[in-house]
Amino acid sequence: MSEAFDCAKCSESLYGRKYIQTDDGPYCVPCYDNTFANTCAECQQLIGHDSRELFYEDRHFHEGCFRCCRCQRSLADEPFTCQDSELLCNDCYCSAFSSQCSACGETVMPGSRKLEYGGQTWHEHCFLCSGCEQPLGSRSFVPDKGAHYCVPCYENKFAPRCARCSKTLTQGGVTYRDQPWHRECLVCTGCQTPLAGQQFTSREDDPYCVTCFGELFAPKCSSCKRPITGLGGGKYVSFEDRHWHHSCFSCARCSTSLVGQGFVPDGDQVLCQGCSQAGP
């Protein structure tokens with residue numbers, strides 16, 4: 001009598017039948033599949049011992065069931081992406097979820113480096129400065145009417161230029177004769193003292209501090225001999241070819257102010273009418 005050779009699960013004889021040997025003993029094919037086979041995540045059927053099995057994360061699939069959920073293309077030998085538990089071929093994923101580069105018009109592939117600004121997307125290598133055409137990457141940039149400029153190019157193209165040195169003004173500055181100047185460039189033509197923040201005047205478009213202008217161009221007071229600049233609302237009196245500060249225009253004898261009063265010239269001096277009538 002022959003030795004028993006039965007299935008470890010159903011105990012039916014395996015003589016003359018196909019079986020599969022395991023560490024637990026031999027199994028007939030139906031019992032093996034029912035005991036050890038995984039269930040396909042797509043069709044919910046067992047993946048038999050004679051089927052090619054594919055798995056992704058903790059899910060198992062028949063080879064024929066491992067497909068793009070949109071176009072049904074087999075993903076067995078294709079790159080794919082999982083989106084919200086759905087398997088998608090790269091073409092379908094790009095069509096549904098990827099954006100188009102605003103520069104070259106090509107698809108920005110999943111996982112590639114990109115930049116987004118103002119609702120638009122660029123490949124990293126396509127996001128260029130409109131001036132120097134170098135990639136902007138993570139550098140600061142300035143948008144202008146649909147163009148994008150790195151800071152140096154924007155300043156070179158649009159920033160105002162100093163009337164003296166012709167270099168761009170990136171911050172601050174002063175205005176003189178409706179033109180922009182660097183604060184350090186607006187200096188007195190005479191002594192080179194910075195004029196920003198202080199009172200100054202000009203001659204033939206050249207700026208001068210009050211001191212230099214007075215020394216170089218202003219008439220001198222016939223009394224105190226100091227320059228009469230007329231700046232800051234300062235008033236003065238002129239008579240013939242002589243000039244006086246208001247505060248200096250007084251009688252040479254009694255020192256009475258002659259502003260708005262009659263006076264009598266007496267050589268290099270001026271006298272009030274009283275002193276003139278009194279005689280020498």
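Glycine is treated like the rest: Cβ placed from N, Cα and C.
Note that the coordinates shown come from a computational prediction; the quantities given were computed from them, not determined experimentally.
Per Swiss-Prot, these features apply:
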type    : residues : note
MOD_RES : Ser2     : N-acetylserine
ZN_FING : 7-31     : zinc finger
DOMAIN  : 101-153  : domain 'LIM zinc-binding 2'
MOD_RES : Lys157   : N6-acetyllysine
DOMAIN  : 162-212  : domain 'LIM zinc-binding 3'
MOD_RES : Lys235   : N6-acetyllysine
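For the zinc finger (7-31), the DSSP-based tally of helix, strand and coil residues reads 3 helix, 9 strand, 13 coil.
DSSP assigns Lys157 (N6-acetyllysine) to a helix.
When DSSP labels each residue, the domain 'LIM zinc-binding 3' (162-212) comes out as 3 helix, 17 strand, 31 coil, counted as helix, strand and coil in that order.
If you take the Cα of Lys235 (N6-acetyllysine) and the Cα of Lys157 (N6-acetyllysine), they are about 47 angstrom apart, rounded to a whole number.
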